[in-house]
Amino acid sequence: MKRKVLLIYTGGTIGMEKNYATGSLQAFDFGNIFEKLPEINMLECEVSVYPFRKPLDSSDMGPKEWKIIANYIGKNYENYDGFLILHGTDTMAYSASALSFMLKNLRKPVIFTGSQLPIGDLRTDAKENLLTSLYYASLYENDEAVIQEVAVYFEYKLLRGNRTLKYSAEHFDAFQSPNYAQLGISGVHLNVEKEYLWRAPSDAEFSVDAHTSQNVLFWRIFPGMHLNHFVEIPNVKVLVLQVFGSGTIFNTEKTKEILQNLRKNGTEIVVISQCVSGGISFGKYSNSNIFAEIGAISGNDITAESAITKAMHLLDNPKYTGTFAENFAKNLCGEVTAN
Ligand code: ASP
């Protein structure tokens, strides 16, 4: 049976080609993808294309576009076996993380991919990324989707979407998932590491909750940082604070006073690490004790992209009972290692 995949084209380098008259890159009409990539017709799946009317550089993608994608998948969920989202690489990790929180209890694959070189370039990585993503998006066994989560496929690796980060603007191998195993590797065979795949609770129904709040701020500390900048933080409801190593910050009275005041004003503080691998461990060093004292939330080994989009999704979300801190501490869809 031919599986049906809905391809949502949002923009990015992947959909570009060189205009040989001017020498510059321009977006091509993705409705014509089958002409550009006749190999698609050789696949075992049937592909329908929904292109954004105006393809976006992914630096212009945000909550509005995440909602459009989430709701479009929701509307078409029953009609397709899998979903493929073509996206610019720059903010792909944010969009994949956001979608992982919005698409609840997925039973079908949602694969993000893009490329470092345009599809019309001779040395492009776009073809392999796109074709293999289509394989993963249509992979079924015993009438059940093998991938039932939001994943990123790039340069032979299938990664959990909310665990990825873009780490190279140069290499074809541009994405990593430092705190979680690869879900699959594409070699001569299309391999899937089944023990690492996410499965929603068996009694839970698929639904879309595209709630997003933008009252979230991200701040990275650095040695010599002027602490008064903390005071200047506007009335933000969640501050994602990226601190040193396993959770350390300046051990001064001023730091304590300022962070305590933020908490008194009702700001939730989520603490994540500047290290891409490993995570937060409150109390390991005395320079992290402040966080437990003020009731900050440990982000453990979550990525910055995931921490930010999770906070945006949970903040003031009427569908969640319990406090923000309680909900943030939960592993909602494989984004964090349980404490
Ligand atoms: N600036 C592009 C984007 O993220 C880069 C890419 O697609 O690789 O949309």
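Start at 1 and count along the chain as shown; that gives each residue its number.
In case you wondered, yes, glycine gets a Cβ from its N, Cα and C as well.
According to TrEMBL, the domain 'L-asparaginase N-terminal' annotation covers 4-195.
Sequence annotations record features per position, and here TrEMBL assigns active site to Thr13 (among others). In the three-state DSSP classification, Thr13 (active site) falls within a helix. Annotation for Thr13 (active site): same-chain Cβ neighbours under 8 Å, separated by at least 6 residues, are Leu25, Gly88, Thr89, Gly114, Ser115, Gln116, Leu117, Pro118, Ala126.
Annotation comment: TrEMBL describes Thr13 as active site, O-isoaspartyl threonine intermediate.
Marked as substrate binding site by TrEMBL: Ser58, Thr89, Asp90. In this structure, Asp90 (substrate binding site) belongs to neither helix nor strand by DSSP; it is coil. The Cβ of Asp90 (substrate binding site) lies under 8 Å from the Cβ of Gly12, Asp57, Ser58, Ser59, Lys166, each of these being in the same chain and 6 or more residues away along the sequence.
Look at TrEMBL and you will find Thr89 (among others) tagged as active site.
Annotation comment: TrEMBL describes 220-319 as domain 'Asparaginase/glutaminase C-terminal'.
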Counting each residue once, how many in the domain 'Asparaginase/glutaminase C-terminal' (220-319) are helix, strand and coil under DSSP?
35 helix, 17 strand, 48 coil
Integer mean pLDDT for the domain 'L-asparaginase N-terminal' (4-195)
93
Taking the mean position of the Cβ atoms of Ser58, Thr89, Asp90 as the substrate site, which residues outside that list, in the same chain, have a Cβ no more than 8 Å away, listed in sequence order?
Gly12, Thr13, Asp57, Ser59, His87, Gly88, Thr91, Met92, Gly114, Lys166
Would you work out the biggest C-alpha to C-alpha distance among Ser58, Thr89, Asp90, the residues that bind substrate according to the record, and give it in angstrom as a whole number?
7
